[in-house]
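Asker: Right, I'll just put the structure down here and ask away after.
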Amino acid sequence: MPLNVLLTFLVGSALGWILAKLTKTPRHLQGIVIGCCSTGNLGNLLLIVFPDICDESNSPFSKLSTCSTDAEAYASLSMAVGAIFTWAYAYPLVSSYVIKNTEHSSIQSSEPSPDSCTEPLLSPSDSQISEDNSVMSFKEKIVGCIKCITSKIDLEKVFVPSTVASIAGLIIGIVSPFRKVLIADNAPLRVINSSAALIGQAAIPSMTLIMGANLLKGLQRSEMSLVVILGVVAVRNICLPLLGIGVVQAAHHLGVVGSDALYRFVLMFQYAVPPAINVGTMTQLVKSGQGETSVILLWSYSVASISLTLWSTLYMSLVSNSSTK
């Protein structure tokens, strides 16, 4: 599942980059386009959809006695992995375009006039020495590239509260001693788990309210063209869902993914979700493109209300047919 989520980020960002270049999106908005195409609202929508899927009598998962438990686990893992990739991968992408645009503007404003310098600053011999000193070994280039990538990852942004909570939950669920102390029915500290679950039940309606408040900003005017908005909607609601069918079906055919129909449905569903609301948070942190992001999110979620139903129906049909064979 982590590899599948990472694939949605990589392919989505590649499609977003192509879209930004084809539509000649302004440089300071290209990061927003890539961020909206790469990130997905994984956990929250899964938690909303799964209760209905497990309880529906016509659902292929209704006969599974552990449907609700497994679905909750899959949704939680999707949310945890998605949060980590969102801030470790997507946020540096979005912020880098804003930083590059700012640096480009400052360089242009400080660029000297053509008549300000009439003589070469370096003599031919000095120029040759400079070229010799600038030659780096292959190993030094690799090390410099790694340092450049790691320097752009803001650990404070990566380990936001949602990411820390997800990692802590995974550790508690995986490590047997922690699980026996906190989660088991006769666990001595089970009150902590019960209290956390009680607070967590308010997460979905709270996120829904926050989502609605952010989408309202999309009613305002922005610099984002209609072609770009339609392109992002097409990437998130057509291209990626179709890719998800191919990837998961191929993995199932090769034996990489087992015969669990619910698990394969989750893997496909991860490609069909709309952009993550965290993209709006990113634009607030970099103080650029907030209105444009809201416009994209507004139209993406409007279309997703229909497309998610259609894709979910198709996904359930595919996994049920392959399970009966």
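Each residue, glycine too, has its Cβ placed from N, Cα and C.
Caution: TrEMBL annotation is automatic and unverified by curators.
It should be emphasised that the depicted structure is a prediction, and the values quoted were computed from it without experimental measurement.
Reproduced below are the annotations present in TrEMBL:
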SIGNAL    1-16  signal peptide
TRANSMEM  73-94  transmembrane segment
COMPBIAS  106-116  compositional bias 'Low complexity'
REGION    106-129  region 'Disordered'
TRANSMEM  158-178  transmembrane segment
TRANSMEM  198-216  transmembrane segment
TRANSMEM  228-250  transmembrane segment
TRANSMEM  262-283  transmembrane segment
TRANSMEM  295-318  transmembrane segment
Asker: Report yes or no: does the transmembrane segment (73-94) come within contact of the transmembrane segment (228-250), defined as 3 or more CB pairs under 8 Å with a sequence separation of 6 or more?
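Answerer: Checked: the transmembrane segment (73-94) vs the transmembrane segment (228-250), no contact.
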Asker: Which sequence positions outside the transmembrane segment (228-250), separated from its termini by at least 6 residues, show Cβ-Cβ distances below 8 Å to it?
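Answerer: That would be 4, 7-8, 11-12, 15-16, 19-20, 22-23, 25, 29, 33, 36-37, 40, 257, 264, 267-275, 295-296, 299-300, 303-304, 307, 311, 314-315, 318, 322.
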Asker: Which residues of the same chain, at least 6 past either end of the transmembrane segment (158-178), have a Cβ under 8 Å from a Cβ in it?
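Answerer: Residues 76-77, 79-81, 83-84, 87-88, 91.
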